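The structure that follows is given in the form of structure tokens.
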Amino acid sequence: MPPTLKGQITMEKTPSYWVTKSAPKRVYAMNPAVKLIAVVRDPVTRAISDYTQSASKRPGLPPFEEFALLNSSIQWGGTYSIDASWPPVRLGIYARPYRRWLRRFPKSRLLLVNGERLVADPAAEMDFLGLKRIITDKHFYFNSTKGFPCLLKSETKPIPHCLGKTKGRNHPRINQSVIYRLKEFYKPHNEKFYQLSGVKFSWP
Ligand SMILES: Nc1ncnc2c1ncn2[C@@H]1O[C@H](COP(=O)(O)OS(=O)(=O)O)[C@@H](OP(=O)(O)O)[C@H]1O
């Protein structure tokens, strides 16, 4: 962590902390009063997003369906199982890492941000850190080319800032029966996560 003056808040963002087994213990040892934020979205969309990121770096990568299904030689429309060990699928089982974090930190200090709501209404997600509300909904505008909200750095000097090209990519079309199977796969895991967190996300 960089040095922080009194009155300043230091922030650090690393998605892999969420699933790194040793992270809760180490973060706790660093500062047990730390506030934690995890953005979670529909795990089916998360898996496709994760695959899209890899595909952008590796042209010619086989289609999503071939990784998501076990024994993908079977026709996609037939009977098949989901490959729960494929990281884009596995990382959407949120209850597992969430349980690990809860062994060290109280629920009140781990904010679960609804990824779908973060896109629909970003300003609504800003209160957890207890900071003065400087960023409000006036600082966001919907950029229709990007299809996502972007930030106006100040109300008076509205310089627009969108996230880079690697955020908000177009996802490939995925076979509908594979999507259906993935939803079925995640249903019990999502339920477990809703039970543990007390938050009913709207994923099917
Ligand atoms: N405002 C705004 N602009 C662009 N993208 C937005 C925004 N808000 C949320 N998102 C969603 O963030 C997704 C990328 O987040 P990542 O988890 O891949 O980022 S990172 O791993 O933390 O770097 C990204 O996923 P993809 O759509 O698959 O690219 C977006 O859905």
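Placement of Cβ uses the backbone N, Cα and C atoms for every residue, glycine included.
These figures come from a predicted structure and were not determined experimentally.
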Where TrEMBL shows ARG41, LYS167, GLY168, ARG169, ASN170, HIS171 binding 3'-phosphoadenylyl sulfate, which of SER49, SER154 is named for the same site?
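My reading of TrEMBL gives SER49 as the candidate in that site.
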Non-local Cβ contacts of SER49 (3'-phosphoadenylyl sulfate binding site) (under 8 Å, 6 or more apart, same chain)?
ARG41, ARG169, HIS171
Just to verify a number: CA distance, CYS162 (disulfide bond) to ASN170 (3'-phosphoadenylyl sulfate binding site), in angstrom, no decimals.
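Their Cα atoms are separated by 16 Å.
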